[in-house]
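Enquirer: Grabbed the feature section from Swiss-Prot, which reads as follows:
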BINDING   R71, G76, A77, V78, F79, K134  ATP binding site
BINDING   K134  (R)-lipoate binding site
DOMAIN    29-216  domain 'BPL/LPL catalytic'
Amino acid sequence: MSTLRLLISDSYDPWFNLAVEECIFRQMPATQRVLFLWRNADTVVIGRAQNPWKECNTRRMEEDNVRLARRSSGGGAVFHDLGNTCFTFMAGKPEYDKTISTSIVLNALNALGVSAEASGRNDLVVKTVEGDRKVSGSAYRETKDRGFHHGTLLLNADLSRLANYLNPDKKKLAAKGITSVRSRVTNLTELLPGITHEQVCEAITKAFFAHYGERVEAEIISPDKTPDLPNFAETFARQSSWEWNFGQAPAFSHLLDERFSWGGVELHFDVEKGHITRAQVFTDSLNPAPLEALAGRLQGCLYRADMLQQECEALLVDFPDQEKELRELSTWIAGAVR
C-alpha cells in the first residue's frame, strides 16, 4: 500500500477547506505523506495568533462579502481569491521536512518554466527587472509526531484588493499578537500568461510523485457529500464559528470617540477572548445616565456589532426620552466595531 495520499478540494469555502486540512492532519497515520490542493473564494486568512480587528478592515470585508478564516498555523494575514492556488504538505516525523515540500513546489514551478527561489523562512520569489517579487508565502505547524507546510501561489490574484482588506480601518487599537508584514508581490501570469489553477496543481502533483517515486489516485473532496472524516462536522462548525475566527484574538483595547449634536462620547473597551472585560464611557452630554448604564451593560458582552447594538437598544425601556440619542449611539457603535 502506498504511503502517499493526494486530495483535491472542489470547494471554494475557506472554512470547509481548513476543516478538511485539520481533520486529515489529526487523523493521518504518522507514516503517510499527504498533498492537499485547494483554493478559496474571497477570504482573508489570518494566523492563529492574530487579531482580525487590528489586521483587517473588517467593515470593508463585511460590505464586500469577504470571509474571515483563522488558520491553525502561525504567521500573518493574507487575502485569497480564486487567483490563488493553495497547497498543504503533511507528514509524520521524522519524515516531515519543510525543505522537501519547498523543493517540490520549486520543481513544479521550474517544470512550468518559472525559475523561483526560497527567500527567508516563508517565501518563494522570482527575479524581475524591478527586483525580487514574492509569488508564494507559507506557514507551518508541528505537533509531537507530525507537521504540515501550507502556502499559496499567486496565479492571477486581484492584487489591488490586498490593500482593501489587509489595511485596517483607522481604529484606535492597542493590540497584542502577530502583525502582518506587507510584501512586494507579483502574479505568475506576469511570467506565464494564461497559466491556470489546474495546470499548477498538475505540476505540483507530478513533482510530489517524482520526489517519492510513487503515484496514487486523487481523492476529490466536495461539500456536496460530507467528507468521510471522523469529527468533520464538529471541526467545520468550529472553523466557521465567530468564536474561533474573531473570539480567539489576543487581548486588546479599543478606543472609540464621536461627537453628536447632543454631546461628545468616548468609549474605552478592553477585550479578551472576544468578550468585553471592561467598558468605560466618557461624555459631556447634559444627560449622561443612559451612557453610564450602557457601560455596565456592556461588561461581559460579546464584542460583536449586533450584540453591542442589542445592548444599546435595550436601554430604550429605561430611557424612553433619550430614544434619538440611543439610536444614534447604537448605529455608530455597530458601525465602528465591524
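Cβ coordinates are placed from backbone N, Cα and C, and glycine is handled just like the others.
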Enquirer: In DSSP terms, helix, strand or coil for V78 (ATP binding site)?
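Expert: V78 (ATP binding site) sits in a strand per DSSP.
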Enquirer: Kindly state the mean pLDDT of the domain 'BPL/LPL catalytic' (29-216) in the predicted structure.
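Expert: In the predicted model, the domain 'BPL/LPL catalytic' (29-216) has a mean pLDDT of 90.
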Enquirer: Please find, for R71, G76, A77, V78, F79, K134 as listed binding ATP, the greatest distance between any two Cα atoms, in Å.
Expert: 21
Enquirer: Where does R71 (ATP binding site) sit in DSSP terms: helix, strand, or coil?
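Expert: The residue in question, R71 (ATP binding site), is coil (DSSP, three-state).
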